[in-house]
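See structure below.
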Amino acid sequence: MSLLSYLLSDTYGTPNLYDQHFAQGLTNDDLVAPPKASPSPFSSVRPLKTLIHSHCGVSNVKSDKDGFKVSLDVQQFKPEELKVKVIDDYLVVEGKHQERQDQHGFVSRQFTRRYKLPNNIDHATIISSLSTDGVLMLYAPKKVNHIKL
């Protein structure tokens, strides 16, 4: 194989899949192909656009002195397409929507997230709310130990 055919094979042979971050929009990195170069042993293997989109669909979990908190980006789902339940010692969040049309064609999405609940959380006190910008917030206060006098 010649060097020219090798260099052109990847450029013209591999189709790009745009907008793979669930309709979060395109970035300049999606539209401009990176220059061909041999990977350096000292450079990061992780592409820059992965770092740029790393905030999409983020799940933040925090357990502190007040309780257990989770925030999860679910902006691609309607409230009726989300389920929150407790199974054993896990908080389970599920989202699913049927195939629907978007600007690129048809798409269906489904996810399941499981979070291990701390031992000092009362499962019956878990509160969920959905913000207007599509962030699901879950909160469970710690159990209060009553001291008998």
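Every residue gets a Cβ built from N, Cα and C, even glycine.
TrEMBL annotations:
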type	residues	note
DOMAIN	49-149	domain 'SHSP'
BINDING	His97, Glu99, His104	Zn(2+) binding site
So of His97, His104, which of the binding-site residues has the fewest other Cβ atoms within 10 Å around its own Cβ?
His104
Cβ distance under 8 Å to Glu99 (Zn(2+) binding site), same chain, sequence separation 6 or more: which residues?
Phe106, Val107, Ser108
Around the Zn(2+) site formed by His97, Glu99, His104, which additional residues qualify by having Cβ within 8 Å of the site's Cβ center?
Gln98, Arg100, Gln101, Asp102, Gly105, Phe106, Val107, Ser108, Arg109
Let me know the DSSP-derived helix, strand or coil state of His97 (Zn(2+) binding site), please.
strand
Integer average pLDDT (0 to 100) for the domain 'SHSP' (49-149):
86
